[in-house]
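Quick notes on the structure that follows.
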Amino acid sequence: MPDRDVVAWTAMLSGYCQVGRIPEARALFDEMPKRNVVSWTAMISGYAQNGQVNLARKLFEVMPERNEVSWTAMLVGYIQAGHVEEAEKLFNAMPVHPVAACNAMMVGFGQRGMVDGAKAVFEEMREKDDGTWSAMIKVYGQNEFLMEALSTFREMLWRGVRPNYPSVISILTVCAALAVLDYGREVHAAMLRCSFDMDVFVVSALITMYIKCGNLDKAKRVFHTFEPKDVVMWNSMITGYAQHGLGEEALGIFHDMKLAGMAPDGITYIGALTACSYTGKVKEGREIFNSMAMNSAIRPGAEHYSCMVDLLGRAGLVEEALDLIKNMPVEPDAVIWGALMGACRMHRNAEIAEVAAKQLLELEPGNAGPYVLLSHIYTSTGRWEDASEIRKFISSRNLNKSPGCSWIEYDKRVHLFTSVDVLAHPEHAIILKMLEKLDGLLMESGYSADGSFVLHDIDEEQKAHSLRYHSERQAVAYGLLKIPEGMPIRVMKNLRVCGDCHSAIKLIAKITAREIILRDANRFHHFKDGVCSCRDYW
């Protein structure tokens, strides 16, 4: 160039930084005959974006002048490097807080689980853009403040702020986690108004939301009307069919995907193997697992071996599953031993369960789950003393067990139930009456409570009383009271559904002529006319 002004020098410097050629960028920076605040900021950003945040700070300290962009560039560098404490100090030292800096600080707080810090920044901001609302929704979502994320999204729409792609994807993920279909439909409508229904990432999240809310028909319609499909969309449908117990359909999509010329990835194989596991297709699962060796791009990882252990274990091949773990080329993790543990519970194999529980305690010393399962196995086989010793062990180690809870969406609210406190819901009186009524109807239909799902050695009447108040049973009772006839009752549970409740809800669906869709920690159960979509293979 015959003449290089400061703009040209800065542009070249930025180009070097963008492709990671930091030494050349710094050499150019040092050669510049004249620098301005933009040049200094470009070099600071270059250091920060390439993981050299300490050098960025040194340069920041000797800047002759700073502006809002300079401060924000340094702040973003700290946050991207995970140095949230340093970012907070810098943020507090800033003479003014531009919107971009506030948004970045909120994201930083969210990454560290500091929800109150992010909320304080959000509430103090006089001006907010779509990135501000998106950041707050993301902070709530990634830290399990799901209801707060929903209310923030609705407030954003009420204030006339147009959602952006990140906020829509975040809120769809929240709707999927809570399985709140009505909220999900609202977000879908907002997507259509903003013409986001043509974006492959947003549509993939939309498909996942409908699947996890139990509306597989709507997910299929969205999937079949969108072109071109990416691998994430195909994976969502394969996994969705698997979770709903539709193994044939899942494998059909798996084959259609390959016929369409789309290469399966590791997640595709997890979905296909899960479909085989949930439907007892041992032969097909073995064929799919062995076919991975033919695909040089995909090598079976721990998650694929976990699917195979689950597949074999569910089919009663518990010893073969243990042999697979012993001979697999990857180190077995907690998920793999947990899959074996679940199979042991299903087939009441206390001997192998003890082996799995020991391994799980070493991998996750603070998790009570394996020992609760082992206690279930002991009680189901009448080994009450062993079960009592396990409970003492859990208590002595102060192990944590996730409390069981179920929830249902009604009237734009999520209603939560736990078996620990049946009086917690404001309408507990009518719920208890409905449970008593259902108990009578169940007895008339020949139902008998399965006491093996009660952990304590108590008499049969007490066991039946304990089972009646399980959280999923309370949620179903509330759904019968509130959800209009003709509409499915959708219940979610954070743990695996209780076996006795599974039997009871099948009969309740028949007695009341209602469709009940229950999503537990693993899969969906569609109860109708006295049968479940899982065909009792779960």
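Even glycines carry a Cβ here, placed using N, Cα and C.
Per TrEMBL, the features are as follows:
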REPEAT    5-39  repeat 'PPR'
REPEAT    67-101  repeat 'PPR'
REPEAT    129-163  repeat 'PPR'
REPEAT    230-264  repeat 'PPR'
DOMAIN    446-538  domain 'DYW'
Message = Using DSSP, what is the helix/strand/coil residue split across the repeat 'PPR' (129-163)?
response = 26 helix, 0 strand, 9 coil
Query = Looking only at the repeat 'PPR' (230-264), what is the mean pLDDT?
reply = 92
Summary of DSSP states over the repeat 'PPR' (5-39), given as helix, strand and coil counts = 26 helix, 0 strand, 9 coil
Query = For the repeat 'PPR' (67-101), DSSP counts of helix, strand and coil?
reply = 26 helix, 0 strand, 9 coil
